[in-house]
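Trainee: Copying in the features that Swiss-Prot gives for the protein in this structure:
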BINDING   CYS79, CYS82, CYS89, HIS92  Zn(2+) 1 binding site
BINDING   CYS119, CYS122, CYS213, CYS216  Zn(2+) 2 binding site
REGION    154-185  region 'Disordered'
COMPBIAS  176-185  compositional bias 'Acidic residues'
REGION    255-293  region 'Disordered'
COMPBIAS  262-279  compositional bias 'Acidic residues'
COMPBIAS  280-293  compositional bias 'Basic and acidic residues'
BINDING   ASP602, ASP604, ASP606  Mg(2+) binding site
REGION    1005-1017  region 'Bridging helix'
REGION    1318-1437  region 'Disordered'
COMPBIAS  1339-1354  compositional bias 'Acidic residues'
COMPBIAS  1366-1379  compositional bias 'Acidic residues'
COMPBIAS  1388-1399  compositional bias 'Acidic residues'
COMPBIAS  1415-1429  compositional bias 'Basic and acidic residues'
Amino acid sequence: MAHAQTTEVCLSFHRSLLFPMGASQVVESVRFSFMTEQDVRKHSFLKVTSPILHDNVGNPFPGGLYDLKLGPKDDKQACNSCGQLKLACPGHCGHIELVFPIYHPLLFNLLFNFLQRACFFCHHFMAKPEDVERAVSQLKLIIKGDIVSAKQLESNTPTKSKSSDESCESVVTTDSSEECEDSDVEDQRWTSLQFAEVTAVLKNFMRLSSKSCSRCKGINPKLEKPMFGWVRMRAMKDSDVGANVIRGLKLKKSTSSVENPDGFDDSGIDALSEVEDGDKETREKSTEVAAEFEEHNSKRDLLPSEVRNILKHLWQNEHEFCSFIGDLWQSGSEKIDYSMFFLESVLVPPTKFRPPTTGGDSVMEHPQTVGLNKVIESNNILGNACTNKLDQSKVIFRWRNLQESVNVLFDSKTATVQSQRDSSGICQLLEKKEGLFRQKMMGKRVNHACRSVISPDPYIAVNDIGIPPCFALKLTYPERVTPWNVEKLREAIINGPDIHPGATHYSDKSSTMKLPSTEKARRAIARKLLSSRGATTELGKTCDINFEGKTVHRHMRDGDIVLVNRQPTLHKPSLMAHKVRVLKGEKTLRLHYANCSTYNADFDGDEMNVHFPQDEISRAEAYNIVNANNQYARPSNGEPLRALIQDHIVSSVLLTKRDTFLDKDHFNQLLFSSGVTDMVLSTFSGRSGKKVMVSASDAELLTVTPAILKPVPLWTGKQVITAVLNQITKGHPPFTVEKATKLPVDFFKCRSREVKPNSGDLTKKKEIDESWKQNLNEDKLHIRKNEFVCGVIDKAQFADYGLVHTVHELYGSNAAGNLLSVFSRLFTVFLQTHGFTCGVDDLIILKDMDEERTKQLQECENVGERVLRKTFGIDVDVQIDPQDMRSRIERILYEDGESALASLDRSIVNYLNQCSSKGVMNDLLSDGLLKTPGRNCISLMTISGAKGSKVNFQQISSHLGQQDLEGKRVPRMVSGKTLPCFHPWDWSPRAGGFISDRFLSGLRPQEYYFHCMAGREGLVDTAVKTSRSGYLQRCLMKNLESLKVNYDCTVRDADGSIIQFQYGEDGVDVHRSSFIEKFKELTINQDMVLQKCSEDMLSGASSYISDLPISLKKGAEKFVEAMPMNERIASKFVRQEELLKLVKSKFFASLAQPGEPVGVLAAQSVGEPSTQMTLNTFHLAGRGEMNVTLGIPRLQEILMTAAANIKTPIMTCPLLKGKTKEDANDITDRLRKITVADIIKSMELSVVPYTVYENEVCSIHKLKINLYKPEHYPKHTDITEEDWEETMRAVFLRKLEDAIETHMKMLHRIRGIHNDVTGPIAGNETDNDDSVSGKQNEDDGDDDGEGTEVDDLGSDAQKQKKQETDEMDYEENSEDETNEPSSISGVEDPEMDSENEDTEVSKEDTPEPQEESMEPQKEVKGVKNVKEQSKKKRRKFVRAKSDRHIFVKGEGEKFEVHFKFATDDPHILLAQIAQQTAQKVYIQNSGKIERCTVANCGDPQVIYHGDNPKERREISNDEKKASPALHASGVDFPALWEFQDKLDVRYLYSNSIHDMLNIFGVEAARETIIREINHVFKSYGISVSIRHLNLIADYMTFSGGYRPMSRMGGIAESTSPFCRMTFETATKFIVQAATYGEKDTLETPSARICLGLPALSGTGCFDLMQRVEL
């Protein structure tokens, strides 16, 4: 960036061990600062003066922007500065010397802030001296590391006494002296907490504002910005000027402002103010005083030269504070003073960095060249104006033009002309996704990569990838020549670039050459490989370790390792290392099925990327760490991620079911085809280039004894698996697995059905069924000591704690990978011989069952009418006209609105679910099929988990069921129809989207349309949620990327801040956490578990973690106590100590390794599952009385924005033990908000069209309201007739008058009548405010529509608005927020204008407008305060001029009011306005609690652990459901504290994290974060490890508050400027870094990637030292 530089780049030297020409210098740190005028001149090779680019012949014009001193423009030209051609010339800078100094555009906001707080008379800060001293002391203390003392200094507010001032000064002096004496400050490591506190001190100080100076008492003129980058003084009041004159203060305007802008003498422009002797001032002539008054009665420009002198004196007088600007950490580097705020020359970048774009015959100049040209033109015009001595106003006008030109050059968004706004300034080159940081430094184009479509291959190993020859010929690896590989490399050179395996290039110390095309020349090169010194044939003994540095770039070949990636790369397993298999004749990448779930890939045209590592360190990490076999467990929860799918599952069930027998040939063929004999070898075996691996192993295969010996030997399918397991675990103890299968116990009972299919003896049939349940025992897999005893291998055996998972846990990732590879080939070959097919007969239902199905679905058609009759209280036997029913529906919708519609929908759906899932429907797919499940192929696929689910089977054979759209039934049009073919308000299930048809027999057009609507919703969700979840994950990643496990087992940030003392509170790695609490599995496989652990591990893996966690220890003890004695003796665990030793060994083997990037894993583990969430932002809690925000919007609230005012705040609290549901109802009634609408029984309106009232012809509207009697009110409220009567007269009538007047104004505007309304009325100010905010929202069209009122939009408009917002890229969603200041942000923009400080309130702090209430917010019981408040309202009731009521009467349950309207007034719907008003006026209001319902402790949002919270005992679900609880919408803790005699307030909980933080503290807020994120994921059936959530919550509450994961939160507090810049608003953060003189020590991954260095995590967190023996 122009005029920003990095200085003091620290370098360290080391010798590369890998390459002879390796890097010898590495950047260690980067410091940011602004370039001084001397720096610009030092870098410049040319003073650019001419705006002309080319002469008449087209050559570069001397002194122009294409001058050859700046570098050649064309390839054939030579540089006039270095003499090199374009390719070799690095480019040279020039500069434009400005006639007058101007403001630095990037620092203008900060400069303006300084000017507002500086006194123009005494040149000090206008703040009190003690405030300045306190700020300086605080900064010094924080930099020293004593944040506590700095906080105490802030809290000790100074008093007016002299002694306190002296003590404050002494504290300041002492601290300062201590600070100066501390010599280690420069070498300190600054933390994010220090940085946050320092910036907070500066921000708070710059917020201090005063009308007059606290030192000289002078009243300074107010400043304004007529345009960005220009300052103007406002006219002063006569009283202020007079006060200054009396005090002897005078603002002196220099007449030589333009003629001598750089003069520093007292007679020049710097003599803006001077404090003269008081006696002399009193003797001034009255004419001078009058001139002073006249001068300050008008505005005038404050020129940059004047401002520079103001700042010069300010820096001299307030040197101690100002020294922190430019060198925040007081590191003693070269300090930059006030001159950084001004530009005297502009640096011109070299020509090669702003090349013109050619398209055909036209040439388009680079935007920077255009901007620089404009600056030169403006500068020359200004210089000519000074030379010609034009008027001062004209010179100033041209000076402003120069300032504007430089502003546009730096940031085009400051331009006033739209055409200039669309161009790119320097800031635009840095910002956003296409900017310099993210496009060029964080993300770079890669070489040695390929991309193609993937296709499946079940024969290759699961960690192999098939590469087509066209890629293998192009991708090469630079292999160093050694005595061990020289023969292979010779062959490669001889083969050349066109024959595989060959080579393309050969290089030595001097050069790199492409291999010649002739074989003879290549043979000559091959013979020279080891022809000179250092060659020897004796293995391992050489004369010279460096054999001339020869390297051969050979082709990719079998056994090489490559990185394979499928985008989007949402989590760690999206990029894995695979071994190469070059497959001849192929054109696509070949991938095994087991990798599909890891990459989330399918084979319908997906493409994947392959990257070929180019050095040995990368290859070593790829083979041992990133290898696909090692990515077996899901990082988010530790569950298995790699498994066989679809046909392999079908084949495994068919092979391992009980009646599968194989002869010797078939048995041996299956074993041999599986390739299991080669799995024991550690090296690759097979012939190169073959699609099928040919066994080259001499290892013997141990077979098993056949299950049947006579008449012929027969083996079962289970014995094939036994033989495979024996081979896989060869050399290790055998293992045991017990795991339930997905197949039910009666799945294979087909024969019992076929014995007597028409038997009527139900008793006999039941006995047969029971015998099958006892004898089959195929519903549970049992492998004992490698012997497959019973059960089948289905989907469950590839899931958690299944067969493969157990092998992975006991024998390692390679064994599990080998097992999957063997199973894949085995099941593929078996299915080829066995066969598998599906037909229509698999789908057909038995005739009698089909008739019952049809009958039951016909009963469902009457559900709608039954629900309506129940709702309206109509007896079943009573006949009712359909038209009458429709009228009733419309009436209830008119009265209750959408809530009535939703309630009816829920009732119908509940009834339909009961009706369609009972009786024959339950057993239809198990007992009702023509082909029984054991022989039914569709059943086999769905039940075993191979393909599809029971729902798919049901849709094919039974019915499609209810179609849901956003969790609701099919929506209705305005006419009340769901489709034009149905009647209005047709509540039959079919009209609401219930489809009784099935795919087998076809769908009717209406059903087909409904089904398409439901399918479309899924597509829309997928398209929209991608950007939202993507931006959420990016926010998490950038905040958490630096967190890693250290060697002391703590989790620390890049600055050394401790986030957790033990990762996840127990130190266990999520990948290894699966079996740590599975005590039974550990005991039955104890031999293998103990074999993996050494004695050192048992004694403690680390001195920091030496014992088991308490919860794990207690769990193991309980397990031993529950074991019968015979099992204890059999498992050798008679005492607890033996089991604890086993668990301890497993625990220490499962600890997270130092260097583990746990922050990245946590970010990915939360971000990746969020893509599975739908966009249903509101899910119904309990019975649907309350909405709860879920999904991505809720995660954004919790993590990204840390919103103080969330969309759906709730509170929950259980009742005390012994309290009943009646007590809960009592509380809900007292907390319930009761509006006037709730007590209105009916409303009548009559109109007298023409009458005379007070000698005026008018119309009278008579509104009569009938109210319910008090006995109809809620049971436990104390509302009386007096209460509602006073409310109706005092509040309701006032609100109704205001609503009528507002409505009349709107109708007048619609009719085009602009009548002046006399006098403002109560409640109309908000309308004016709304109109203003509406205009602001129109101006800010890119703000996601946050300010738009929902009520003003129709449903279609709202939907369109949402769609417009959703289509935005998630990057745009982030960087253009409304609460951000202008695009060129100084250090602290929000406090830019002192005028705005008093009125500026953040969104979070703005109180929401409260509805009118007749009682205090916090009053929840009693009537006394209600009456007092209502009387107070009545006393305040003043009749406005515009009021229209002429008669009011309220007696008993009746209230009547008459309104007078002029004959020319438009007609209004008064009844509708009255109904809307009645819903806004409260008779009883319990503060912020909107609604309260009775729930139970089984609600996931309710916390309940029994009578004693400290015990945290486990409570059964039934016991929880029996305990009543409250569920309130809104957060008001004091309101519930009032009922602590009935509520167990120890369990009081809210989902509002800010409220929990403010009331209960930071630990409660941390727990709330964990609970809320967990609740969101559990609602979608997603499991995320609690360790990730613990880390996220600890990070967000690390500083003692609740900070968001956005650029305002954790990113803003990062000590790494590169980390901040590469996230968002790069310009803002780079200016901040340069202003403060920040130093980046390159600890964060972002900073290291920017400079091309490996991250300091994983294998990068340590260095290796070579032991050298001299």
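Placed from the backbone N, Cα and C atoms, the Cβ positions cover glycine too.
A quick note: this is a predicted structure, and the numbers were derived from the prediction, not measured.
Describe the structural context of these features.
Mentor: Residue density at HIS92 (Zn(2+) 1 binding site): 23 other Cβ atoms are found within 10 A of its Cβ, drawing on all protein chains shown.
CYS213 (Zn(2+) 2 binding site) falls outside any helix or strand according to DSSP and counts as coil.
Other C-beta atoms found within 10 angstroms of the C-beta of ASP606 (Mg(2+) binding site) number 17, with every protein chain shown included.
Beyond the region 'Bridging helix' (1005-1017), the same-chain residues lying 6 or more positions past its ends with a Cβ under 8 Å from any Cβ of the stretch are 960, 963-966, 970, 979, 981-982, 990, 993, 995, 997.
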Trainee: So if I draw a 10 Å sphere around the Cβ of CYS216 (Zn(2+) 2 binding site), how many other Cβ atoms end up inside it?
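Mentor: The answer is 21.
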Trainee: Where CYS119 (Zn(2+) 2 binding site) and ASP602 (Mg(2+) binding site) are concerned, what is their Cα separation in Å, rounded?
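Mentor: CYS119 (Zn(2+) 2 binding site) and ASP602 (Mg(2+) binding site) have their Cα atoms 70 Å apart.
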Trainee: Rounded to the nearest angstrom, how far is the Cα of CYS216 (Zn(2+) 2 binding site) from the Cα of CYS82 (Zn(2+) 1 binding site)?
Mentor: 58
Trainee: What Cα-Cα separation, expressed in whole Å, is found between ASP604 (Mg(2+) binding site) and CYS213 (Zn(2+) 2 binding site)?
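Mentor: Between the Cα atoms of ASP604 (Mg(2+) binding site) and CYS213 (Zn(2+) 2 binding site), the distance comes to 74 Å.
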Trainee: Taking DSSP three-state, what's ASP602 (Mg(2+) binding site) in: helix, strand or coil?
Mentor: coil
Trainee: Could you pull the average pLDDT for the region 'Bridging helix' (1005-1017)?
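Mentor: Mean pLDDT across the region 'Bridging helix' (1005-1017) comes out at 85.
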Trainee: Find the shortest Cα-Cα separation between CYS79 (Zn(2+) 1 binding site) and the binding-site residues CYS122, CYS213, CYS216, ASP602, ASP606, and name the residue that gives it.
Mentor: ASP606
Trainee: Which state, by DSSP, holds CYS79 (Zn(2+) 1 binding site): helix, strand or coil?
Mentor: coil
Trainee: With the Mg(2+) site defined by ASP602, ASP604, ASP606, which remaining residues of that chain have Cβ atoms positioned within 8 Å of the Cβ centroid?
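Mentor: Everything else in range on the chain: ILE454, ALA601, PHE603, GLY605.
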Trainee: Including all protein chains shown, what's the count of other C-beta atoms within 10 A of the C-beta of CYS82 (Zn(2+) 1 binding site)?
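Mentor: Its Cβ has 16 other Cβ atoms within 10 Å.
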Trainee: Specify the nearest of the binding-site residues CYS89, HIS92, CYS216 to ASP606 (Mg(2+) binding site), where nearness means the distance between Cα atoms.
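Mentor: With Cα distances computed to ASP606 (Mg(2+) binding site), the winner among CYS89, HIS92, CYS216 is CYS89.
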Trainee: Inside 10 Å of the Cβ of CYS79 (Zn(2+) 1 binding site), count up the other Cβ atoms and send me the figure.
Mentor: 23
Trainee: Could you round the CA separation between CYS122 (Zn(2+) 2 binding site) and HIS92 (Zn(2+) 1 binding site) to a whole angstrom and send it over?
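Mentor: CYS122 (Zn(2+) 2 binding site) to HIS92 (Zn(2+) 1 binding site), Cα-Cα distance: 45 Å.
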